[in-house]
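Asker: Sharing a structure, written as structure tokens. Questions coming.
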Amino acid sequence: DTDEQKFRDDQAVANFRRYLRTPAVHPNPNYADTVKFLVEQAEEIGLQHRTYEYFAGKPVLVLTWIGQEPQLQSVLFNNHMDVVPVDEKEWLHKPFDAVIDENGDIHGRGAQDMRSTSIQYLEAIRRLKKDGVKPRRTVHVVFMPDEEIGGFHGMVAFAASADFKSLNVGFAVDEAFPNEDDVFNIANAEKTTWQFRVHCSGQPGHGSQLYDDTAGEKVEFVLDKFYGYRKAMVEKIQDQRAEESDVISINLTQIQGGVQANVIPDELVLTFDCRLPVHTDVEEWEVTLMKWCKEAGEGVWIEYMQKNPLSAVTKLDETNQYWVAFKKAAEKMNLKLKVKTLIGVTDIRHVRALGIPAIGFSALYNTPNLEHKDNEFLNVNIFLKGIQIYYNLMPAIANA
């Protein structure tokens, strides 16, 4: 019935725009309004809701659609409420007005990352319930705080809690990233984040003197080694000998030190962000880093800020019944799928680390990836097609 379909679509778009206008923006996200909006939606749809707070002002919201066989392991659809900051003067439209332009593009921070997905989950369930669908397994839709800053006050705390354990999760789905063409990326692992500071100490003194063994010379040596390695990785990708998810990435992100322009400092500090693929020989990489520091000279050492274990990898084969169901439903819709390692990190790594199979998937396609960038938008037709995709995927997985 086209009238009914139009009503459903209009309602979904209105909810998406309302959600974009209820932002939770770093550095001080307001989660209260966001949770209030989501709880209203849950009550309208007929979902149970519970809020847990492991840290003050950082709510974790769990919406639950009870299955016909609730003793079975459940399926979890994860997402996050927070969005990254904006530089408003760089935006064509106000970032929290959710303007629809003449192309049907909906503009707003979070339009891709990941408020569209949140509403797609909810609208798919709304339609499934209206159409009388009853899943075998219980379905949980979980809304997280603080994903964009590491999830320490959100998923890290939740995944370690008795509350999470009581959900009895058998399989989880979270975000991937927008697909620029019509191929949908499936992430079954993530690169692992290491962040560290390289301290380069040396001979201090007057800026007019040419001392030996200065901090600056050591900085030059370290950067030369790190960026030589980085260049080799870039060439590998350019020559198509590797994908970005297969190589170690390394970037200098901060430089600190010095007191004034005419004083040679006794220390300069370089901060690096480094992402390791799942097959990295971690010990060998660490030895390499230490070797470069040693070669740079006396007083060069590494201080680790983040040194995470390698990502668990979710098996995507016939031993994973949820994946078999997902794949079958995707094939029925003629979706092209490509399995890869995510180069960024999402909250789902903490679930995967518990041994629970989990994938990253976004129903956003033919869409330029503008996550964390200016003028983030999502086309209304892509948004609506995504609801239909989850409408088919959700019951398939929940009936596995």
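Any Cβ shown, glycine's included, is placed from N, Cα and C.
According to TrEMBL, the record shows the following:
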type	residues	note
ACT_SITE	Asp82	active site
ACT_SITE	Glu147	active site, proton acceptor
BINDING	His80, Asp113, Glu175	Zn(2+) 1 binding site
BINDING	Asp113, Glu148, His372	Zn(2+) 2 binding site
DOMAIN	189-297	domain 'Peptidase M20 dimerisation'
Asker: Would you mind pulling the DSSP three-state label for Glu147 (active site, proton acceptor)?
Answerer: helix
Asker: Using a Cβ-Cβ cut-off under 8 angstroms and a sequence gap of six or more, which residues of the chain neighbour His80 (Zn(2+) 1 binding site)?
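Answerer: The list for His80 (Zn(2+) 1 binding site) reads Met114, Phe143, Met144, Pro145, Asp146, Glu147, Glu148, Gly151, Gly154, Asp347, given in order along the sequence.
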Asker: What's the CA to CA span in angstrom from Asp113 (Zn(2+) 1 binding site) over to His372 (Zn(2+) 2 binding site)?
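Answerer: So the alpha carbons of Asp113 (Zn(2+) 1 binding site) and His372 (Zn(2+) 2 binding site) sit roughly 8 Å from each other.
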Asker: Determine, to the nearest whole angstrom, how far the Cα atom of His372 (Zn(2+) 2 binding site) is from the Cα atom of Glu175 (Zn(2+) 1 binding site).
Answerer: 14
Asker: With helix taken as DSSP H, G or I, strand as E or B and everything else coil, how many residues of the domain 'Peptidase M20 dimerisation' (189-297) land in each class?
Answerer: 42 helix, 35 strand, 32 coil
Asker: Around the C-beta of Asp82 (active site), how many further C-beta atoms are within 10 angstroms, looking at every protein chain?
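Answerer: There are 25 of them.
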Asker: Long-range neighbours only, meaning 6 or more apart in sequence with Cβ under 8 Å: which ones does Glu175 (Zn(2+) 1 binding site) have?
Answerer: Asn79, Asp113, Met114, Thr117, Thr346, Gly360, Phe361, Ser362
Asker: According to DSSP, which kind of secondary structure is His372 (Zn(2+) 2 binding site) found in, if we only use helix, strand and coil?
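Answerer: Assignment for His372 (Zn(2+) 2 binding site) reads coil.
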Asker: Just to confirm my parser: what is the rounded mean pLDDT across the domain 'Peptidase M20 dimerisation' (189-297)?
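Answerer: The answer is 97, the mean pLDDT of the model over that range.
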Asker: Taking the Cβ of His372 (Zn(2+) 2 binding site) as centre, how many other Cβ atoms lie within 10 Å?
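Answerer: Counting Cβ neighbours of His372 (Zn(2+) 2 binding site) within 10 Å gives 15.
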Asker: Using DSSP and three states only, what is Glu175 (Zn(2+) 1 binding site)?
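Answerer: DSSP assigns Glu175 (Zn(2+) 1 binding site) to coil.
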Asker: Asp113 (Zn(2+) 1 binding site) has how many other Cβ neighbours within 10 Å of its own Cβ?
Answerer: 26
